[in-house]
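Participant: Below: one structure in structure tokens.
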Amino acid sequence: MTSAECERMDSLEGWVAVKSNIFEESEPVKLGFIVQWNAIECKFAVTCHNRTLQRQRRRQQGPADTQCSWAGLFSVGDLRNVHRQLTGVSDALEPYFPDLSDFERGNIWDFLFPRRSSGADEAERDVETPCRQLEKYLSAAIDVCGRRIVLDALFAEDERGLEEYFENLQEFRRKAMEEQVARARSALRKILHQHKAADKLVLLLKIYEEEDEAYKELVTVATLFYQYLLQPFRDMRELAVLYKMEILKSMEFEDLGPKRIDALEKEAEDWRKRAKDAVNSIQDITVNYFEETSRALAGMLKQMEEDRRRFGQASWATAAPRLEKLKFMLSKETLQHMRAKEMCLNRRKEEIKEQMESLANQQDAIVVVDELELQYYETQLELYDTKFEILKSEELLLVAQIDTLRRRMKELKEEVVYYDTCEDPEELQSIMEVGPLRDPSTPAVRTLNRQLQQLETKRGAICSRRAYLRNKKVSEVLSPHSFLLSLIEAPHTHSCQPSCLLQKRERKREEEQRRKEWVDQEREKTLSRLRSFRECGISHTHTLLPPLARQRTPSKPHPKSHPRRKLRSQKTSLSTSSFPLVQEVLQQTSPVLHPLSPPPPPPLPPPPPPLLPLPTSPSQDPETLDTPMPLLSDKELESLNLFNVLCAGSMDEVLASLQRGEVQLRRVEMQAGVPGDARESILSAIRLGVKLRKVQPATAPLASQGSQVSDLERSIKAAMQRMKKVSSDSDDEDRGDTHSGEWDS
């Protein structure tokens, strides 16, 4: 920095940030002052004792390295200087300072010969009263100014560093950004409280605009704050991975001794643990961010639902698109939150496994094994709940898109078309005949209906997956969890009476009965949902008309061909709605033949020709038929710019990178080939390798310690096998999921 910049009035060169709470007391401390007059030095001896710390030391609770007593000699001028400093903090101390004029030195001779008249005056001078007044004054100064200021003014230590008065710049910046997030949160909450005062929809729409801006500000500030929190852990992760790679490279290409190799292996393991801790911290911070945004969106959506009840359906049509956008955004943020939480729960499971493996060398750890297994089951139950929330969020995303599609289809069907006047009646008749072919809403409605059916298919898959997870949770996690919990609580129930055991059995039977009833109820709910979904699919499919068949149909069809066409269209609609998965496969495999377009009926007089692939009209390309149209129109997409910017945040990229880091290679199962000759089978067995069996050495009878170790190992292995069985299905499902990037765009 140049000298000219340093001389500027607004230059920050040499300035520091002082702590705002530097003189605040963390806990109340009682100080006692003792003041006496020192006749030899002609000064006041002031002693201060920390009574609170002395009591803690007597009880062996306080730290031994903390100073609890101070002492010093002060002349009258020194005490007056201290009084000036303290009155600068608070003017209330001015009348409490005692009169010390009798203790001042009079002239130059008293200054040169301080003991010349001290012997004659000491007997007549009242010393006790000023000393007691000084003690009261210092006690009042402690109450008014605080302990830190009074002690620094009386017993200043030159070797004390000034850094304790200054703010840590990183901590200071973190607090400032945290305050910005709190201000943005309070501003959004203040706008939400203004909804009840808006009695007109026009005012409410203005409040919605302010609310969107406030939420945008909250997301921007929160993203900056959490990115600032993430940066040190990102740097540590990159640094740890870099050092680990360098160590592994040196171990691979350099000729090192065994001691050096051991040291490098320990260092590489240390860097690996640091990288793992950094990734864990990144996961926790990501969970906190998405919890913040989802909570804000939940408040906005709840307030908008209350507003919808206050206004009629006709007037609320202008605000309906925003409600759909809020539902979509809340589902997406909740989905991201649950995904981040799922990673943390998987990490917790791995930590429990590591703790259980580390118990192999310890004695009397069987109880700890049971507790760890119980914690693992509880974590697995929480993981299942998180998976249910993920599926619920995905279903809400689909429901939001389905509602948008249905609203657009309703708008297209209710759209009024105005025609020009016709002078010739024959021209009007021709327009009425070819009107369905020229209806511009027909292809749009058909495309929206196809997209709606695809979304309903995805929703059905989510419902079936939820039912599968629910059954797994009940059968494979709840039963072992309750059984292990009963085993842990068993020692406490041995001393109970037989009636207690009977009551426990009755409670267990009632619990099993309630569980079965709950499973039956959920099954009935699932079946009813499937029936409604199937009926909904039928009602949305049978109304579609085959456009290609309509083009082949003459202007005046034969009356006998109508029942056949109607029957065939109903069969097609039933098949496509009842088997949506087959329909989706047909859409992917046969782009020329539309799945909803049955072949045209053959004419009656001539014999029916052989069925050939339907020719496509030049105006309708098969690629354009199968290409889905955008979910929203261009006008609605322009109105969604704010929400698109907010959804595609940098924290989503952080979560995506964490999910990419969790992807692991899966073992490829060897496919069984065609059985050949014996030589080929022998060679394949050699390639696969020989599986060695563990040989039990024939030793003497084990001692008691060896039996305890073997029992511990057996219990650990059994617990690990049960835990692996419980989490195998969910882990395989996580590795096989491909939905992680479906909602990222």
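Note that Cβ sites are derived from N, Cα and C of the backbone, with glycine treated the same way.
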Participant: Looking at 162-194, 294-326, 393-425, 690-722, I want to know which stretch TrEMBL calls coiled coil.
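Facilitator: Among 162-194, 294-326, 393-425, 690-722, the range TrEMBL annotates as coiled coil is 162-194.
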Participant: Mind checking which residues of the chain, 6+ beyond the ends of the coiled coil (162-194), have their Cβ under 8 Å from one of its Cβ atoms?
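Facilitator: For the coiled coil (162-194), the list is 16-19, 22, 207, 210-211, 214-215, 217-218, 221-222, 224-225, 228-229, 292, 296, 299-300, 303.
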Participant: Mean pLDDT, the coiled coil (335-365)?
Facilitator: 83
